[in-house]
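According to Swiss-Prot, the features are:
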type: SIGNAL; residues: 1-18; note: signal peptide
type: REGION; residues: 41-90; note: region 'DKK-type Cys-1'
type: REGION; residues: 101-143; note: region 'Disordered'
type: COMPBIAS; residues: 128-139; note: compositional bias 'Polar residues'
type: DISULFID; residues: CYS145-CYS157; note: disulfide bond
type: REGION; residues: 145-218; note: region 'DKK-type Cys-2'
type: DISULFID; residues: CYS151-CYS166; note: disulfide bond
type: DISULFID; residues: CYS156-CYS194; note: disulfide bond
type: DISULFID; residues: CYS176-CYS202; note: disulfide bond
type: DISULFID; residues: CYS196-CYS218; note: disulfide bond
Amino acid sequence: MVLVTLLGLSWFCSPLAALVLDFNNIKSSADVQGAGKGSLCASDRDCSEGKFCLAFHDERSFCATCRRVRRRCQRSAVCCPGTVCVNDVCTAVEDTRPVMDRNTDGQDGAYAEGTTKWPAEENRPQGKPSTKKSQSSKGQEGESCLRTSDCGPGLCCARHFWTKICKPVLREGQVCSRRGHKDTAQAPEIFQRCDCGPGLTCRSQVTSNRQHSRLRVCQRI
């Protein structure tokens, strides 16, 4: 009789025990999923320190762990404490302070929210230096140049091998090159001369027998 009673109780309790185990498994899975995503949120203010409100297109927003230095970001709230979002990258505050201090004078709240942007001058690529010089800073003979306006009086900017330097304008009797003449083929010059000075022209030198030589010199017009 006792054996029959025990068998009956075990048969009755087995489904109940299985139901309790299934409920515990479901609860544990939900806890793990909730712990992985964090609590639901509507904005960053709903999350605790060190977290931000992360939103996906097809899921509800939840609190996610903040991102460390050199991680991608869309706003400063995404970055961990002590860092800010600069040019879409989490950056330590001490690395941005010189630029921020220099550009926030007289601009209250310029870096308060959103992504911190570097000034346009900081991001602008370094190009060629300005060639506008005052008269006192004009290039002297032998100094590098880009154009004749970079050189001082009586000088021109001419090619010297694979660079350009300031050279003296040619005087009367000096050998010259007649550049831009269509009748003769011109090869690339790696050693250019300046043009003849004012009142002079580059012409073939006349020899004693009044024949034109191949040598050209600066002569009076």
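Residue numbers in this text run from 1 along the chain shown.
Even glycines carry a Cβ here, placed using N, Cα and C.
Values in this document were obtained by computation on a predicted structure and should not be read as measured data.
Taking the features listed in Swiss-Prot, we show where each one sits on the structure.
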residue: CYS145; record: disulfide bond; CB count, 10 Å: 21
residue: CYS151; record: disulfide bond; CB count, 10 Å: 26
residue: CYS156; record: disulfide bond; CB count, 10 Å: 22
residue: CYS157; record: disulfide bond; CB count, 10 Å: 22
residue: CYS166; record: disulfide bond; CB count, 10 Å: 23
residue: CYS176; record: disulfide bond; CB count, 10 Å: 20
residue: CYS194; record: disulfide bond; CB count, 10 Å: 21
residue: CYS196; record: disulfide bond; CB count, 10 Å: 23
residue: CYS202; record: disulfide bond; CB count, 10 Å: 19
residue: CYS218; record: disulfide bond; CB count, 10 Å: 22
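With CYS145 (disulfide bond) as the anchor, the candidate disulfide-bonded residues are CYS156, CYS176, CYS202, CYS218, and the one with the nearest CA is CYS156. Across the range of the region 'DKK-type Cys-1' (41-90), the DSSP-based residue counts are 6 helix, 17 strand, 27 coil. In the three-state DSSP scheme, CYS157 (disulfide bond) falls into the strand class. Measuring Cα to Cα from CYS196 (disulfide bond), none of the disulfide-bonded residues CYS151, CYS157, CYS166 fall within 10 Å. CYS194 (disulfide bond) has CYS157, CYS176 nearby among the disulfide-bonded residues CYS157, CYS176, CYS202, CYS218, counting only those with a Cα within 10 angstroms of its own Cα. In terms of Cα spacing, the disulfide-bonded residues CYS166, CYS176, CYS202, CYS218 that come within 10 Å of CYS156 (disulfide bond) are CYS166.
Considering only the disulfide-bonded residues CYS157, CYS176, CYS202, CYS218, CYS151 (disulfide bond) has CYS157 as its nearest partner by CA-CA distance.
Rounded to the nearest whole angstrom, the C-alpha distance between CYS176 (disulfide bond) and CYS218 (disulfide bond) is 6. Cα of CYS218 (disulfide bond) to Cα of CYS202 (disulfide bond): a span of 5 Å.
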